[in-house]
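Reviewing the structure listed below.
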Amino acid sequence: MGSGLLRGGFKLKGFGAEISAPGLRKNACVAQALQSPDAPESLSFFSAGCELSRVGCRFVIGTRLVRQGVSSVARSAWGGGFVGRTSLDDGGGGEVEEEEEEAEWTVQDSDALYRLHGWGAPYFAINVAGHLCVRPSGGTEGRDEVDMMAVIDSLTAQQLQLPVILRFPDILHHRMRELQGCFSSAIAKFGYQRHFEGVFPIKCNPECHLLDQFVEFGFGLEVGSKPELLIALSKLSSRDGALLICNGYKDSVYVENVVLATRLGIRAVIVLEQIEELEEVVACSQRLGIRPIIGVRAKLSTKHNGHWGETSGDKAKFGLTVTQIVSVVYRLRQEGMLDCLKLLHFHIGSQISSILVIKEAMREASHTYCELARMGAPMGYIDVGGGLGIDYDGSKGHSSASVNYNMQNYANDVVAALMDACLLKGVAEPVIVSESGRALASHSSVLVFDVLHAPHHTKNPASAFLDNVSEAEDLHLDSFRNDYASNPQSQDAGEYLLSTFYQVCATLELGNIQEAFNDAKQLRQEASSLFRLGCLSLEQRAQADVLYEKVCQQVLGFGSRLPKEFKLSFPTLYTCNLSVFRSAPDSWAISQIFPVMPLHRLNEKPTVQAILADLTCDSDGKIDRFIGPSGEMSRALALHSLQEAKPYHLGLFLGGVYQEMLGSAHNLFGGVNIVYLRALGDGDFAIDFVLPGQTAGEVLGGTHHSHADLLKELVTQSSSSVAAGKLSQKEASLLIANYQRCLDSYTYFSMPSDFLYHKSNSESTLVHTTA
Ligand SMILES: *Cc1c(COP(=O)(O)O)cnc(C)c1O
């Protein structure tokens, strides 16, 4: 099957119905039609399957069908003992197979295990090839589906190295349309008199091309610092009437630029966050003779309990207290500038997980707004800040990483609170501005990286050594024990420990698994104690370690037959080609959970419980908090065992905001490659552009090591070593060439240059070429 997709028909033995897949689209992948006049979605299709399963056959069907509006029928069919199967090897003329003992692992199982539907819908799904795919325009039929593995193949073919951030601007567009749509329907539903406008907070992700997406779509920008203001002034200057919300600490240059920007046609609102800023604004406006657009940021007393709760409440770092707000009104009135006060802003923190907090904050803010209008300010805008959260773990509100509301609930509550207050106080309704960042940009970026190493992947050279010893020792086991029974004192402690360990290993079976595993843990600990006391040789201690590893392997070998109550207390460490500090800093800094899952082999049961270690030499450089299968936080992630010479790709999702900028160069790992992708339909995609990650030289420059100076020093030193006969000319050239190449290359682990990705049968395999 060239493309790895199901094509052609296949017969179901013993039933006579033919399921064929005529004229399948390039990326469509299911048995779609029944030979009968019935539509493929028909019940008879599924009851046929049920019948077959009753006579002990397995009915082979792709997932896509299940997704195409027949899920309930399909579910009843699954429930009827019918096995979903999505592997593609049946394509040529698959036959109904004999029922096996254990139901085969399906992509639905993977979907449930990683809670993909919970956090990923409608943008991420699994195709029948068991690959993760992206649906950038959020359509459920997947007409725009892009197979992530196809993307990775294409990037590797172009020599682009992992880790890489894949960015889908279409997801951003979908999110913006969704937010606007939710506000439009709330506005229509309540008969609200004004409209909604979105501004994107630059701090969420200031990357140039990403901001362009927002500006081109018609969103405004929110800035919180002078450099951010520089970006916004330039990007918005060509957009007549664009909205610019200016927060943050403001010195006189900042204020002056914002005031001048109004002359460019930008609706630049200077939001007073500190009372001291008021005099600066008044003075600047008088100096330039320009009337500014002024806003005030309110410090609400509504508090939110999440991580960013400190942004809210009386002790918050930002905003004006009610006394200060009232004094701003008096002072502006005194200066004859009250007509400049047009906006009330608040932001009580990011990722608000409870809708109740939003309702309460909205009530407080709405009344503050109305009071300002009643005191004579023209007003006209309310800016409800950010805080709109997303469901990181797909638990729909059952954890702090989640939210108990959706975008529509949010919009409804914002509009409803404003309606209520405005009606009550007889004030005209304001334009609603929101500064959502997280909710708009998180989904659009996926970090793709690969696993470099896992302990049991490559055969431990020590295991071979153990295998030899093991046989020899086995022979002596009985004599050991006899000797020991007759004279314990004469027995070498190390030998005794090892013989007991061998015994545990040899007699391990499903029935005594917990006991044997506990023994192994204890024996390993005792081995290290004995070593500390000088009673065990280094070789003996190594043997104990290898035996322990062997027990673990045996245990893992039982796979799904392991008793439910059996808990492996150690996850396997998978070393990954990334830096947590660079690419997922919140996972380290604030224990944020990001969805992580494999991008392929999702039709295979994962058998390893893993935690992810990164490349940095820092014990914090790991990811060990994941979404558990039933929504709880889990300390390990179910992954597949690595296959010899084949890459294993993982994706980290929902990291489109904050991570890229908070990420730091710990251990001097640099910014990663970013690729902008667009779906073209029918499985095709376009790489719009690639933003190369940092080279080592660039990262070093950030710590004031000059590329040229470093190289010069090395060249000088090698020359004198060559002159002194310590280094050959050839070695010196190699050293300099390598050094230079490293300075110019990516900071992450690179596969040896003679390893190339080789595409065969839609499976990427790593092949060694000797050319
Ligand atoms: C950070 C920030 C935002 C963005 O908040 P999200 O929760 O990411 O939407 C909006 N407004 C202000 C003032 C901010 O500081």
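The backbone N, Cα and C atoms fix where each Cβ goes, and this holds for glycine too.
Model, not experiment: these values are computed from the prediction.
Residues or ranges marked as domain 'Orn/DAP/Arg decarboxylase 2 N-terminal' in TrEMBL: 196-441.
Under the three-state DSSP scheme, Lys203 (N6-(pyridoxal phosphate)lysine) falls in the helix class. There are 19 other CB atoms within 10 A of the CB of Lys203 (N6-(pyridoxal phosphate)lysine), with all protein chains counted. As annotated by TrEMBL, N6-(pyridoxal phosphate)lysine applies to Lys203.
As annotated by TrEMBL, domain 'Arginine decarboxylase helical bundle' applies to 495-556.
Long-range C-beta contacts of Cys617 (active site, proton donor), restricted to its own chain and to partners at least six residues apart, with a cutoff below 8 Å, comprise Asn667. The active site, proton donor annotation in TrEMBL covers Cys617.
The domain 'Arginine decarboxylase C-terminal helical' feature in TrEMBL is assigned to 697-749.
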Cys617 (active site, proton donor): secondary structure state under DSSP, collapsed to three categories: coil
Within the domain 'Arginine decarboxylase helical bundle' (495-556), residues counted as helix, strand or coil by DSSP: 55 helix, 0 strand, 7 coil
